[in-house]
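J.: Okay, here's the structure, questions in a sec.
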Amino acid sequence: MVAFRMMSMALLVVVASSWWASPVEAASSPRVDHRLVRRSLFDPSCTGVFDRELLGRLNRVCDDCYNVFREPKVATECRSHCFLNPAFIQCLEYIIPEVLHEEYQANVQLVGK
């Protein structure tokens, strides 16, 4: 029982020390570029308003469409040209209720200017 507690404490110390790394160590870690990586997930052809929430909603349509059809080209074609393509329109018609289509198409125009 004592050995188990000692092992648990040692594991806790290792996890805590890696979690609270010093700023010097954090600067050299790959997590520093996290914002750049997240931003680069979106199509660089989207030259309009950069709104994470809006782009996330549009990406979600493509993700859901991919989950339905399970074809890799669906995901890539849906996002191409900043969502301004026939694949996105087809996914929109299949995934989103018709009353919201105009809202989503307006969002595409907003991010893709």
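Cβ coordinates are placed from backbone N, Cα and C, and glycine is handled just like the others.
Positions annotated as disulfide bond by Swiss-Prot: C46-C82, C62-C78, C65-C91. According to Swiss-Prot, the valine amide annotation covers V111. Swiss-Prot lists 1-26 with the feature signal peptide.
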J.: What residue among the recorded positions C62, C65, C78, C82, V111 has the most other CB atoms lying within 10 A of its CB?
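T.: Of the recorded positions C62, C65, C78, C82, V111, the most buried by Cβ count within 10 Å is C78.
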J.: I'd like to know which of the disulfide-bonded residues C46, C91 has the most other Cβ atoms within 10 Å of its Cβ.
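T.: Buried the deepest by this measure is C91.
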J.: Of the recorded positions C62, C65, C78, C91, V111, which sits closest to C46 (disulfide bond) by Cα distance?
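T.: Checked the recorded positions C62, C65, C78, C91, V111; minimum Cα distance to C46 (disulfide bond) goes to V111.
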J.: Just give me the nearest neighbour of C65 (disulfide bond) among the recorded positions C78, C82, V111, Cα to Cα.
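T.: It is C78, whose Cα lies nearest.
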J.: Given the recorded positions C62, C91, V111, tell me which ones have a C-alpha lying within 10 Å of the C-alpha of C82 (disulfide bond).
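T.: Those near C82 (disulfide bond) - Cα within 10 Å - are V111, in sequence order.
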J.: Write down the Cα-Cα distance for C62 (disulfide bond) and V111 (valine amide), rounded and given in Å.
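T.: A Cα-Cα distance of 15 Å.
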J.: To the nearest Å, how far is the Cα of C62 (disulfide bond) from the Cα of C91 (disulfide bond)?
T.: 7
J.: Express the distance between the Cα positions of C78 (disulfide bond) and C91 (disulfide bond) as a whole number of Å.
T.: 7
